[in-house]
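To start, the structure under review is shown below, and the notes come after it.
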Amino acid sequence: MQQAHRAGNLKQSNKAHKSRHRSKRGISAAVKGKVNLKEFVRRNRHVLKKQERRHQAMQIRKNEREEVLAKKRALGGTRTPPFLVCVVPLNAQLDVQSALVILKTCSESAVVSQSENGILHIGLPNFKQRFSFICPEVGNEFSLLDALKVSDTVLFVSSTLDEPVDEWGEKALALTMAQGIPTPVVVAMDIEGVHPKKRTTEKQNVQKLISKWLPEEKVLQLDKSSDGLNVLRRIGNQKRKIIHHREKRPYMLAEQVEYVPDPEGDMGTLKVSGYLRGMPLNVNGLIHITGLGDFQMSKIEGLDDPHPLNLGRENSKFETMEAEVTKTVLQVADPSKQESLLSENIPDPMDAEQTWPTEEEIEQANLDTKKKIKKVPKGWSDYQAAWIVESDAEDDGDDENSDNDDENDEFMSCEDENSEQEEKEEINDFQSVTESEIGPTDEKYDGTIDAIEEHEMLQKLAAAKEEQQFPDEVDTPQDVPARERFMRYRGLESFRTSTWDCKENLPQDYARIFQFENYERTRKRVFKELEDSLINMYGFYITIHVKDVRKDLWSAFRSSNENAPLAVFGLLPHEHKMSVMNVVLKRTGASSEPIKSKERLIFQMGYRRFIVNPIFSQHTNGSKHKYERFFQPASTCVATFFAPIQFSPSSVLCFKEKRNTKLQLIASGVLLSCNPDRLIIKRIVLSGHPYKVNRRSAVIRFMFFNRDDVLYYKPCKLRTKYGRTGHIKEPLGTHGHMKCVFDDQLKSQDTVLLNLYKRMFPKWNYENCIAIDQDRRESDNMES
């Protein structure tokens, strides 16, 4: 019987025909009753067609463009404050008043008036804009910075007849760029006085010099009335630069200042009038007046605009001031809601008491801590096991000794009293030699040189050079046991991964500060509340009544800063309280001098200026940061110090005062954080040398000089400069020799190193920086 045919697996199977237009029955069979989510949501809403979507997008763009143009056109108008322009000459010999005369007379319809503080106001009805010009004192760095803090535009003025940019001009440009430059405009004067064939060349020379600092700015000419109109038009139509650390706070430049003393006592009320800029001002908050400090307000009054745009030219400033001014009380302080001037926390002496932890707390701590099996001495806790060497808590007397140790360690030496006496003798010998070599004809030259300062600078340069060549290496003292000399230091298995409790052995000053649970979250919340809670008074001409201003402080301020601009900033919540601030600094090229940690420096952080002695650390990631003994040239580091809280972003300038009372900008940067828990770890390195080498074991000498020190530091890990690692096996003899075992063959020219660490804290030496009279400074220096 013949077998029937069976179809194979490779039988051809044609695709089903896909119809482009299926029937309703076919569609319903395919979806099986399921409903599309988008169709369900949009069922009751009109679905825009392609042309309608295009028109909608076009309308949105048009509305946004009109909104931006309306804001731009409103700048400097009747309902907004005038353009505040800071006029800065790039040559100290240049008279900026000649430039202001050209700007005042550039238009016949210009409305010109002047405030009591010397601020020039120019209103152009045809431009529908107003301009205010302020001229800080030439040669005064702080006056220039205070004017730039509140200015909308900076007008750099140069001349083609004299040197376009001299030493003062370079310093002014450097300070402006470091603090945060407002919208810049550059003009060149006296071009008309040059021969017509050389005018283009002279203007190009000025352009090349300015391009080093402002490569995108075009130099304008300012010699005629038409040039003045072009400059004002450029100021009014230029794209504005936003300075974030200023725009997040209310600020104003004082147009009028009046001090009203109280009938009783040495206090008084300071009335400051001007145009409010930036964010809304809360009368229950605090304000900061540069050079005076932080104060409370009693009330805020609104006044008529003393420099209106529609004022006739025939009406002078004095006639407007004689007219009756209407005052409106905008805000009155509420004593129950007013922020306190208390800047420090009052520590409770009973907070130091601790109770014994319960069994549940111990079990929870064991679960939270990652276990690691290691051999530790009997009786050690898990936290003690994380350290290689654990030092006991020192008492107050040990803290004083440690402070002295810190000062000695900064020069990378551990010398005894005899060596200090030898140094003093060397200093005396050096001074005696220099005095004996002074000739009678060199008295005038030597009178300008401070021999003590030169010797201190020589020591600092030598210590900084030694720090670069042999970082953190110190000499072990021979007459003092190392375990006593380095009592506060401990060893770490790994600097990066080993644990370190940030709350351990804190100094007493840390009980006086305030700390945020989450700094970034608080900063965002404060900015959000400031935008939503108050009515915006941007552009209002107001009078702030500042209460409880000391009479002697105000007299000293006005006598030493008669022509300086008075800038007022509104403080955000918590910005008056003290904490630990960390700022990132980068050295400028103006100075090649090394800056030592704990050296007295002048800082300007945002709107605040103060004097502190910071400590420096590396700007790295991780939980621990290495302490830097010197802030080396052409480097970047983090400075830590006690100061009032300030929310970022904020620019930071660092100055050093020379013996001739001149200020030098040594570094600039930004505010990093407000974090007292930042671990700044100082490292010292003890070095030893191989005496006998036998494969992986070797005898090391000169690291210690007695047997007990070898036994004390036996748990610590050793490293060599050639990359070997090892540990101490046993001491040999009584003179500090020890037998060590390494992971590989040790070379005879290698050096064995032992790293020890301790935490560094800043000192509480904050003081407000109030400028004093130059004559008083010179008299003080002569007396000292």
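Glycine is no exception: its Cβ is also placed from the backbone N, Cα and C atoms.
Annotation source TrEMBL lists compositional bias 'Basic residues' at 14-25. Among the features that TrEMBL reports, compositional bias 'Acidic residues' is placed at 391-428. According to TrEMBL, the domain 'Bms1-type G' annotation covers 81-241. The region 'Disordered' annotation in TrEMBL covers 1-28, 390-444.
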Within-chain partners of the compositional bias 'Basic residues' (14-25) [C-beta distance under 8 Å, separation at least 6 from its ends]: none
PLDDT averaged over the residues of the domain 'Bms1-type G' (81-241): 86
DSSP residue counts for the compositional bias 'Basic residues' (14-25), split into helix, strand and coil: 2 helix, 0 strand, 10 coil
